[in-house]
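One structure is given here, and the rest of the page talks about it.
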């Protein structure tokens, strides 16, 4: 392991080691994330489903040698779920830290996936952490935790899912350094599929070409297009011995739509590429 000194903060660089999560850089996102961490700035990642947002955060946590606490946000996720709560047991009552509090105490990364799904009261907790104060107030214990230099708050969401009822308020969004992700260009996506699915370049190219054809059908009754994740699933199934048509039905057509006619239309595209 080697260390790169950055303004008195040492960054342990572990990228490329056998257990490093694979990530294919597409631009300057690694440098931007690293500089944001160096300056104590939170990061907002927005992009469609399955484009690599979570894998990127895992990759950067490994690269920076930081503990990573990932929270999959949902409608019932409250501030108490993030901060912690009192529990009652045989030995009495005790306080249990939530994932956000643990990340602050340990100086790690707290990653809130699909943050707009969480309840509105979470913003009250996140705002002091996401501005110059970098503080977490635990109302139930009276603690005010000052985030150490290593702590970083990272959130993500899919802009395509936003509506009038669920969206990130400008007062929250403007506290973050924002990064926009999308599906990779052809050559990079082929490398990703080949690496993740452990298939040869020819099959990866064929699957990616199919995925791009399906993405052009976005306006045809599809809520979401074929993600890189689904292309990887498809390639893995084909590698394991499933026929291409069966793999594409199970890993692409059916996950993309519940409507039988739409599924049939998607399979027509599959037949063109895997006749």
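Keep in mind that glycine also has a Cβ here, set from the backbone N, Cα and C atoms.
Under the heading DNA-binding region, Swiss-Prot lists 249-268, citing sequence analysis as support. DSSP places the residues of the DNA-binding region (249-268) in helix, strand and coil in these numbers: 17 helix, 0 strand, 3 coil.
Among the features that Swiss-Prot reports, ATP binding site is placed at 47-54, 107-114, with the record citing sequence analysis. Classification of residue 49 (ATP binding site) by DSSP places it in coil, neither helical nor stranded.
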Taken over the DNA-binding region (249-268), the predicted model's pLDDT averages 95
If one looks at the chain holding residue 113 (ATP binding site), which residues at least 6 apart in sequence have a CB under 8 angstroms from its CB?
53, 54, 70, 71, 72, 73, 155, 156
